[in-house]
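To start, the structure itself, in structure tokens.
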Amino acid sequence: MSIRLHAIGKHFGKTQALEPVDLDIAEGELVGLLGPSGSGKTTLLRIIAGLETADREPGGRILFGERDVTHLHVRDRRIGFVFQHYALFRHMTVFDNVAFGLTVMPRKQRPSSGEIRSRVHRLLEMVKLEHMAQRYPAQLSGGQQQRVSLARALALRPDVLLLDEPFGALDAKVRQELRRWLRHLHDELNFTSLFVTHDQEEALELSDRVVVMSDGRIEQIDTPDVLYRRPANRFVFEFLGDVNHLEGSVRNGVLTCGDARLAVDLADGPEELLLRPHEVELAEKPAAHAHMPVTVTAISPVGAEVRVELAADWLGEPWLATIRHADYERLALARGVRLYALPRHWHRFPAERDHQPSKTVATTS
Amino acid sequence: MRLTSLRRTLLAAALGIGLATPALAAERELLNSSYDIARELFSAINPEFITHWQAENGEEVEIQQSHGGSSAQARAILQGLRADVVTYNQVTDVQVLADAGLVAEDWQQQLPNNASPYYSTTAFLVRKDNPKGIESWDDLVEEGVQIVFPNPKTSGNGRYTYLAAWGFADQEYGGDEERVHDFMRTFLRNVAVFDTGGRGATTSFIERGIGDVLISFESEVNNIRQEYGSDDYEVIVPPVSILAEFPVAVVESNAERNGNQDLAQAYLEYLYSEEAQRMLAGFNYRVHHEAVVEEFAENFPATELLTVEEIGGSWDEVMDTHFGSGGLLDQLQRR
Amino acid sequence: MQRIGDAPAVRRLLITAAVLLAALFLLLPLVAIFAQAFARGVDVFWANITNTYTLAAIQLTLVIAVLTIPVCLVFGVALAWLVTRFRFPGRRILQTLIDIPFAVSPVVAGLVYLLLYGRTGWLGSWLDGHDIQLMFAWPGILMVTIFVTCPFVARELIPLMQAQGSREEEAAVTLGAPGWTIFRRVTLPNIRWALLYGVILTNARAVGEFGAVSVVSGAIRGQTNTLPLHLEQLYQDYNTVGAFASASLLALIALLTLVAKASLEWRAARREDHA
Amino acid sequence: MSTRSFAIGLGSTPKRVLPGFGLSLGISLTFVSLMLLLPMTGLFGQLAGLSLAEYWTIITNDRVVASYVVTIGAAAVAAIVNAAFGLLLAWVLVRYEFPGKRLLDALMDLPFALPTAVAGITLATLYASNGWMGRLLEPLGLQVAYTWVGIALAMAFTSIPFVVRTVQPVLEDMPHEMDEAALTLGASDITGFRRVILPHLWPALVTGTGLAFVRSLGEFGAIIFIAGNMPYETEITALMIFVRLQEYDYAGASAIASVVLFASLALLLVINIWQGRFIKRLHGGHG
């Protein structure tokens, strides 16, 4: 079931939580709503669910497939909703929690109790909790509770599954595990899913497409890959990963900042360039296009790459570079070592064109 | 809670104690423990007595009053309320004190008329024009007559009413127990409300408009009629009723302790004086002083007054057979 | 936000029902008290209030309340500190014991004091021998008033102090603060509103207690009559206006209690909003 | 009573790191023994003077038994009415905003703040057949004053805050996700309330109603004016105690009082234990 939003906005009193937005989600897609807190992502999700009502003006519409649900009550929208803090019914067993949606159906549509039982057991099997059926939520771990919550949301075979920061309250390891498991489940059952997160890694890893939001606006909607490589604007770029800043003035194709110089193809004037950590190479000698002396202040060789913190007189804030372990060994890095930074790419988001596509330049070394 | 305000509170408390402790005046104080509807009566009598005592002895005294249900009052004295004299509406309540040794054993002989300076009887208060035509006790057992009087279990007033009805029936049926019981059963069944005290019954009858007839002391029904308008109610004194004595006694152990024996004795004797008897008659109590009786004759219709002894033997016996747990009253009220 | 029972029709229906019921059930009696008190005009009302015996009753009532509060305060705080900060055998029993005054009918409460301290009681006869009178004097009234009001402060504090736990006090101990300072500087600021609230409830009950006091008072006019007893006597005297005038004073104290309580709550709610 | 006073706290209690154990224990024990326990010996002293057979005869006297029935019946009706009414009031006060809400909230404590004797004479005045309310109800065939309806009414009046003030904080603390979860799963308002909200409020509601019931069992001052006190019909147990006192029958009064006392304490204990169990289930405690 596809989801289409047209001109959906929301005010809370006088504050605008959400500017009127349009959004199309294809059937079977798994879409992440990403943004910092207060960006309107949860509001948007709750409006889609029917937990909040969109502003009357400018008369927005919400369509599930061909079904206009704009004025439909939450209970009639046939959605599954997973809450950040699980929101399990504490006085009911796991089984009763999962069965709840089925047992509150109008008598005519309600499946027989035998069928309810088998359906709930299938769901519990799916979330690997069949042996916990008679436990109370208070007796489960956070990860288990969230799985119950998911099973409960799926019990009614919803057209649309909405998840509000589903893994936000869990610790890192469980979060990782559940993420993968959700992706599996999604691929297997192929429902349309929309989830809210403030964790860019989670959004990029899990989603088919990501909707980046800030200040009640949608900044960009794209696949994780495009989003990362071609951020629509400075906000998206900065929000999606670590950023190194380079501020200076350009004269005759050379940007100067203290005793650092970088050849750029830009008009004269003040400039600010942005670089991802992996776009910064380290070398023992300056290159023709770049003379940027730095000192290593911290090294963290944990994970697939080595993170190196760099400081210099010409830098306001230290830079971060990620290099391969091989390079780390080759350069014999240690704290206090002086090196030269060689930008491979840089990005530029002119202030007056904040919402225009960025200019990304590759510099060849 | 700010500490300053706490300190202020404590200071106020300390001051309060100072104020609350009765001023230890040089003058003697006499405490009269009385029944609850006698407040106005003694408010009128006490100043007269104080004047009288001052004139006779040149001493200034003060009279304190304690009022409550007669039984509760006697209980308070048993448990240590230091009243010098008691002025009750029930013989049993004084007898309890005598049994406990607080009042002389022969207290009924120590003052005239069984130590009862005034008396009353049980009478009816009916609504304007007496719509149910109630003249005597047998009118009360008619179908559809609603009676209001206080609970004999909790009120001496109620006990007199019960005994008066019993006395009437006993006389009427010549002692046929079966018929007396039947009469009493019907009588009790016609009761609309059993308030715990006389005042509650009055409120039910007057202010809540319940019942066709209120039964209480003659003095009470007259006072009520005066209080609530003589046009709306009529007092009926039945041809046969009960003698309700209002016994008084000195609580000797307390009077001795307080050094008030002479004062206490004089106070009770004063109640027999012409002056006091006139005031009592003014409050619609029947009195013994001949001149006063003559003066107020038309206020008190002649009626046959049965004594408690004539109806059911001594008070002790009456309390046992009629009002005790599982006694006749309980049996008659059983469904 | 969508919540259960949010539909305008449901909301309107429920609010109307609640307001109507509360008005009939709670507000109307309050109005009736004042209506009765002023039934014969302000002058009669005023004459009744300024009557010597009424004034004496007011004074005694206030004194009893003022004396009751510090006792209940000390006991309540000590008990709450004990059962929420320490574990020891008998803790639960102690906590249940303070509910006795709630479970005992006030008349019975008065009776048990009378049976003990009255002239025929085993303590009372000894006291009587030494010419000490507790019952039928203000000490007796004070004692039963303390009995019926003592759970309020403790019951107010215990859940709060339990919920807060003792981390802050423990931190103060590690910083070397002496016991009294810990209580005054750490505990007291956390519990003061609950404490004050307990005091308000204690006061309301102390001022209004009838059943227990009536048993031990002796009802000596001008000496041991509290306002509720005085009210009852006026009622017995066919002085309905006088009775309701006294009732209206008590109702006024009740109203002040409600206002004090409500303003405490609003203040607490405001503080929470700012936090 | 306060909003929070009946909540069961769950904080843990540490070892004796903190000072003041001796002092607070001393004050508490002295007070409890002198003010609470010592006087109770008077009651039990009276009871000790009775043989078991006498005790049994007193407390099973059929008029007394009838008073149990009246008292328990009226208290039960009052408690049930209060459960519904109290739930409604707590719900409205927590869930809705409307003008006069604060006033309504403050009004909830009136029955605790108002002396019971005042409540008694006022209710009797209002509901008598010529009172403001009685005049309206009587023509409808509903007689309140001097019937057990009046007893139940007075009981309900004096105990309504117990229910409101126990349910209110629990309802306030209930996360809105509970409602939302029920709604997203397709529950109607009524089903959602019945299956999700009510079970959540259940411990508080039962506790509040139980406390209201206990309070009603012992109430005297507010009831006696409106009861009518007809034997077997509108006599409450507290009146039976009062009657025994009038008869100087302290032992009898103590015996009946002890029945009420034990019933009340037992009920309080049952409520506490049951609530403890329930809360354990909701908040963990494995197994």
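Every residue, even glycine, has its Cβ placed from backbone N, Cα and C.
All TrEMBL annotations are machine predictions without curation.
Annotated range for transmembrane segment in TrEMBL, selecting from D:21-45, D:196-220: D:21-45. Long-range contacts of the transmembrane segment (D:140-164) within the same chain: residues 1, 6, 70-71, 73-75, 77-79, 81-83, 85-87, 89-90, 93, 108-109, 111-112, 116, 119-120, 123-124, 127-129, 131, 133-134, 205, 208-209, 211-213, 215-216, 219, 222-223, 226-228, 230, 233-234, 236, each at least 6 residues beyond the stretch ends and with a Cβ under 8 Å from a Cβ of the stretch. Contact between the transmembrane segment (D:21-45) and the transmembrane segment (D:106-128) does not hold: fewer than three of their C-beta pairs are under 8 Å, each pair 6 or more apart in sequence.
Nonlocal intrachain contacts for the transmembrane segment (D:250-274), taken as residues 6+ away from its ends with a CB within less than 8 angstroms of a stretch CB, comprise 8, 43-44, 46-47, 49-50, 54-55, 58-59, 64, 68, 203, 206-207, 210-211, 213-214, 217-218, 237-238, 240-242, 244. Sequence-distant neighbours of the transmembrane segment (D:106-128) (same chain, 6+ residues past either end, Cβ-Cβ under 8 Å): 1, 89, 93, 134, 137, 144-145, 150, 153-154, 157-161, 164-165, 219-226.
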